[in-house]
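For reference, the structure is listed below as structure tokens.
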Amino acid sequence: MSSITSETGKRRVKRTYEVTRQNDNAVRIEPSSLGEEEDKEAKDKNSALQLKRSRYDPNKVFSNTNQGPEKNNLKGEQLGSQKKSSKYDEKITSNNELTTKKGLLGDSENETKYASSNSKFNVEVTHKIKNAKEIDKINRQRMWEEQQLRNAMAGQSDHPDDITLEGSDKYDYVFDTDAMIDYTNEEDDLLPEEKLQYEARLAQALETEEKRILTIQEARKLLPVHQYKDELLQEIKKNQVLIIMGETGSGKTTQLPQYLVEDGFTDQGKLQIAITQPRRVAATSVAARVADEMNVVLGKEVGYQIRFEDKTTPNKTVLKYMTDGMLLREFLTDSKLSKYSCIMIDEAHERTLATDILIGLLKDILPQRPTLKLLISSATMNAKKFSEFFDNCPIFNVPGRRYPVDIHYTLQPEANYIHAAITTIFQIHTTQSLPGDILVFLTGQEEIERTKTKLEEIMSKLGSRTKQMIITPIYANLPQEQQLKIFQPTPENCRKVVLATNIAETSLTIDGIRYVIDPGFVKENSYVPSTGMTQLLTVPCSRASVDQRAGRAGRVGPGKCFRIFTKWSYLHELELMPKPEITRTNLSNTVLLLLSLGVTDLIKFPLMDKPSIPTLRKSLENLYILGALNSKGTITRLGKMMCEFPCEPEFAKVLYTAATHEQCQGVLEECLTIVSMLHETPSLFIGQKRDAAASVLSEVESDHILYLEIFNQWRNSKFSRSWCQDHKIQFKTMLRVRNIRNQLFRCSEKVGLVEKNDQARMKIGNIAGYINARITRCFISGFPMNIVQLGPTGYQTMGRSSGGLNVSVHPTSILFVNHKEKAQRPSKYVLYQQLMLTSKEFIRDCLVIPKEEWLIDMVPQIFKDLIDDKTNRGRR
């Protein structure tokens, strides 16, 4: 059945037709009786229909009407089911009967019979009619679609493009309007009230978005840097290097790059502007904010690039936020950074290793690129040192928007600053009025998660006796969607507590903070050249850092800072400025990069602070052991290959050995997986590592083999989210692992390792024990300095200069579980990935070395003499 509805004035007239298929070439429309009034209308309509001969087929007849408006009404609805008469739109009277006619395509009949219209049945009748309308609507849509499909199939032929007509010369060829395809808008199926609701929701969404954009633009104008826009641009044009000093929240990071784009520094998209950040979280979050302000898609005009992740578009991105290490690596492919018109080194006061090396390299290329602009952004008072390094270049000061902050010290030192911080949180929460959020500085992910758990336990016990509290963590390995929660507005009658690392000192601006709790500690890497080991230490902050932390409380109004240390400690125990990373870290990766760029005299390379001679000497020694340098200190072919990988030289050596060494060939795929997993282990597990390990493998002897098995099982599940949930693994972390692995695989393919590995793999098969032995040998070749030996009192480090340091296996390691809880015999030799000092020296991510001769086979220049000497001493 098909119904056609037209309007005459305000009265709706329903016309219904029954379509009967006579043959493949003709369609006849006959009126269907729907009562006297409808039958009369249908007959009138049918009498107006005429048969029209098709120009394409003289035997084919189409139904047509000469009534203009009604012709269009007839098109798409002739094959539908019966529509309801307009009388059903009015109040239902007694003895009405609703019948759904059987359609052309043989669908089952949908009949609804109604009882007499006594007043007590009016509600029931109304409900049934409503259901019948819905059923009829579905039937009409289904019948129409099936009929269109049959029509299309009926017109098919073996050669649909070959049209042969008898007597074709007798016809004029024009586009026949009867052959047009009828379409319906998806909104046509909406009831009037539904359409009104849809349009209202759409209008509201558009209005909300317009208000949001206007709010963003208004907020931009309120930032302190906005009033200095013209003056700042003039100074940039006048000077090749400019130091910009401004407090966190002044807008220099987000607004200045936009000013440069608006002023034409990108030459209509031909050039880019690079803004470096010391941390991944800052690069990604700031890029997202700027893209939002510019009303563009993140990854197009505005993008970011961090290690193992590139969210930019070639020939499209003009603003690129990136970690300083990523810009440093671009020197390998473009030593003059020719695609950039301006480079902004943001948060330069943090003095990361990559930032210091970048500044030295940029100082060298500035004379070669006179049009390149260099902006050094700093939030502290050490801007003068940067100015002196660049021949006393000018300093532009952007005043911050800062309210007074009251500083509170403890009367005596606190033995447990975590416990003291939790106590202070509830002290503020229960005594201070709303609004006013709390920012707590902690040293790392473990402290943050432990504090978060404790706060949630206490809040659950307090229940409704205190105001609601929202706890939001922020640290580097937190998934990005969870990181963004710290920027969400705090609901009314609620307080937000942000648990953060030192990333919140300057890199991020969090609105709504009125209270800061500062234990005064930070976690730093400390490299000891004499032992050749890097330790992760928790150390006191500098005075500059704690002052920056206090300033976070004065962004939206007068605030308070609670320091969990005494004023005497602040004045006498804290260093004035933090130590530059270049003076306290392993420089092997940096030295290799500089040598690959052609820097031969490391002593004379321009640096703001010089590393110690022992540190440089130890780095050169490590590179020589890895085979990256020859005996003359010149970079080797292997060393140049290592530079192609976005990871430490030690990991690059592992991958190289896995594909080329005759005793290890064929395990590149496994080593790629393990290396990728080791980059993300801090955020890999939900809860305890041992629980996840037990669900993956019943028995495993090493952390490295556990990581390999986790990835393999996840891959076998087709990278399933549910598999991760079942095995207590972070799904987002595994996605990052997969991205890292893909990038490392592409690098391996580029330097020819994949082809060599495939050839060797065919010879060794897939025996697990054989594969694991080769994996262990590969890691020995890459980390010969990270091997400990079991002694009378436990494990001790090896090496002539670094031997004898007592270390313990960290409780999170599988080795600890095997030795302490399963009483398995400890292995004589163990390789570790990280040495950290907390209550004592711990080693993490451990790999068992079952055979002593593997050490001699893989690194004879170190272990042959060491093992022989110990053997001889034992015999004496």
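Placed from the backbone N, Cα and C atoms, the Cβ positions cover glycine too.
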Range among 130-133, 182-185, 346-349, 518-521 that Swiss-Prot annotates as motif 'DEAH box': 346-349
Residues within 8 Å of the Gly246, Glu247, Thr248, Gly249, Ser250, Gly251, Lys252, Thr253 Cβ centre (excluding the ATP site residues themselves): Leu223, Pro224, Val225, Ala379, Val398, Gly400, Thr509
Listed in sequence order, residues with CB under 8 A of Thr248 (ATP binding site) and six or more positions away: Ala379, Gly400, Glu505, Thr506, Thr509, Gln548, Gly551, Arg552
Mean of pLDDT values spanning the domain 'Helicase ATP-binding' (233-399): 92
Three-state composition of the motif 'DEAH box' (346-349), taking helix and strand from DSSP: 2 helix, 0 strand, 2 coil
Gly246 (ATP binding site): tally of other CB atoms within 10 A of its CB: 22
DSSP three-state assignment (helix, strand or coil) for Gly246 (ATP binding site): strand
Thr253 (ATP binding site): tally of other CB atoms within 10 A of its CB: 27
